[in-house]
Amino acid sequence: MTDPAPDPGLDPDLAPSETRAAAISGALQRADNDLVLSFLRVRRAIGLLGFFLPAALVAYAATLGGMLLPTMSDYYYTPMREIFVGTLSANAVFLWSYEGYRPRPCEVLSDRMAARTASLGALAVALAPTLPEAPAICTLSQCLLGDRAAALIHVAGATAFFGALAAFCLILFVRGSEDGREKRGSNRIYRVCGWTIVACLVAIAAIFVVPGAAARLAPLRPVFWLETVATFAFAVSWLVKGDALRPVVRAAG
């Protein structure tokens, strides 16, 4: 086995053993830096996908699709189906692969647990569509389970997806003993994003629970806009965690 090649930046006066140790240390540091960059890229990808989907649906409605549909999920039955399913599936893959930090012995919820819950939720939303407004060719989940059962899985998946992302914002992202202006700023943003997601979920539930609310508010498309706000909130939190919005974090600190 050959010794690691000496780093050209090392002091030539070092003894061979010291040179070898310094080279190994440098290689380990570079590997650690690559790992950090990989984490940041995954977080940024998740955040960018969160911004992309609502923006793409609004752009489609404004240019080709006519009026806005009641919910984001309704776009499954439009030419935007591939964008809807593809974006959610990509997010599911990124979230499933996300390891995050290992929990301490006293911590029950881990990054991996929340990420995989969100991943399965996103996949359920993508593969088990909402109820169609008009008769349509059934998907695999609808053929096997029926339209209503598939729609229930869809709602459960959406709740799990947004619930897990709210947990990231309110519990997981704010963990850590480090202090400083940027940490305080990022924690403020995480909490605002988390409570925004929770508020949107509660508001959506209220629209369907309060008698007559859904019918009265239907022209305003409240569910679509609440879903959009919740999605943007989770996107912002992951971009902050991915170190992509440092000026915003500093301003919030």
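Cβ atoms are placed via backbone N, Cα and C, with glycine included.
Just so you know, TrEMBL annotations never went through curation; they're auto-generated.
Look at TrEMBL and you will find 45-63 (among others) tagged as transmembrane segment. Listed as Cβ neighbours of the transmembrane segment (45-63) (distance under 8 Å, sequence separation of 6 or more from its ends, same chain) are residues 69, 72, 75, 78-80, 83-84, 87-88, 90-91, 94-95, 98, 227-228, 231-232, 234-239, 241-242, 244.
Positions annotated as transmembrane segment by TrEMBL: 83-101 (among others).
Within its own chain, the transmembrane segment (113-131) is flanked in space by residues 71, 73-74, 76-77, 84-85, 88-89, 91-93, 95-96, 98-100, 139-142, 145, 147-148, 150-151, 153-165, 167-168, 172, which lie at least six positions past its ends and keep a Cβ under 8 Å from the stretch. According to TrEMBL, the transmembrane segment annotation covers 113-131 (among others).
Long-range contacts of the transmembrane segment (151-174) within the same chain: residues 73, 100, 109-111, 114-115, 117-118, 120-125, 128-131, 141, 145, 186-187, 190-191, 193-195, 197-198, 200-201, 230, 233-234, 237-238, 241, each at least 6 residues beyond the stretch ends and with a Cβ under 8 Å from a Cβ of the stretch. Residues annotated as transmembrane segment in TrEMBL: 151-174 (among others).
The transmembrane segment feature in TrEMBL is assigned to 195-217 (among others).
Annotation source TrEMBL lists transmembrane segment at 223-240 (among others).
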Check: Which residues of the same chain, at least 6 past either end of the transmembrane segment (223-240), have a Cβ under 8 Å from a Cβ in it?
Finding: 43-44, 46-51, 53-54, 58, 68-72, 162, 165-166, 168-169, 173, 186, 189-190, 192-194, 196-197, 200-201, 203-204, 207, 248-249
